[in-house]
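As given in Swiss-Prot:
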type	residues	note
BINDING	10, 45, 66, 123	S-adenosyl-L-methionine binding site
């Protein structure tokens, strides 16, 4: 999946993956990670998610990584924030208060960029990537993030043969294999097929949202 795919989705405002409210799983389960105030949290493929502002509101320093400059601009504009913009390596870094959004290719991140990220939040990143890319994504996270990191990951699980994706189905065993060096605990699995007409029309009988806590 090429970067141009996501750039075009944002250009055409085809952003059905964007949620108009803070994710309820984040609000319910994030406190269980027990991160100290001021902890830095990595949010990969963050878009213009409202979750970024929520995390900052919990006293965290937020590092979001997003390919689309349109998404980054929209986040700051929609929150009425003026951002300082500078170049850092392969990324254009936008900052306002405790929120930094790094505009660029996630796979260009280096260990020193996230060395102090002791929190990870993935609501729509791993499910946005096809199988080979998400294996690379999980491997990269495991290699970059410090051993003290704890995280929350939300996935979708459905019959992938019925829809091409994105969003892609990520089976429980695939996530555990991808984060093999982590302790992976499933916190909740919720059947949401009745709220998902696209999947019903494709013939899916089940669509599970799974919530995981990661630590190591």
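Numbers here mean position along the shown chain, with the first residue as 1.
Every residue, even glycine, has its Cβ placed from backbone N, Cα and C.
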Among all the protein chains here, how many other CB atoms are within 10 A of the CB of residue 45 (S-adenosyl-L-methionine binding site)? 23
So if I measure Cβ to Cβ from residue 66 (S-adenosyl-L-methionine binding site) and keep only same-chain residues at least 6 apart in sequence, which ones fall under 8 Å? 45, 46, 47, 48, 72, 101, 102, 103
Compile a sequence-ordered list of residues in the same chain as residue 123 (S-adenosyl-L-methionine binding site), six or more apart from it, whose Cβ lies below 8 A from its Cβ; state 'none' when nothing qualifies. 19, 23, 25, 26, 49, 51, 154
Residue 123 (S-adenosyl-L-methionine binding site) - helix vs strand vs coil (DSSP): coil
Can you check what DSSP calls residue 66 (S-adenosyl-L-methionine binding site), collapsed to helix, strand or coil? strand
Would you mind pulling the DSSP three-state label for residue 45 (S-adenosyl-L-methionine binding site)? coil
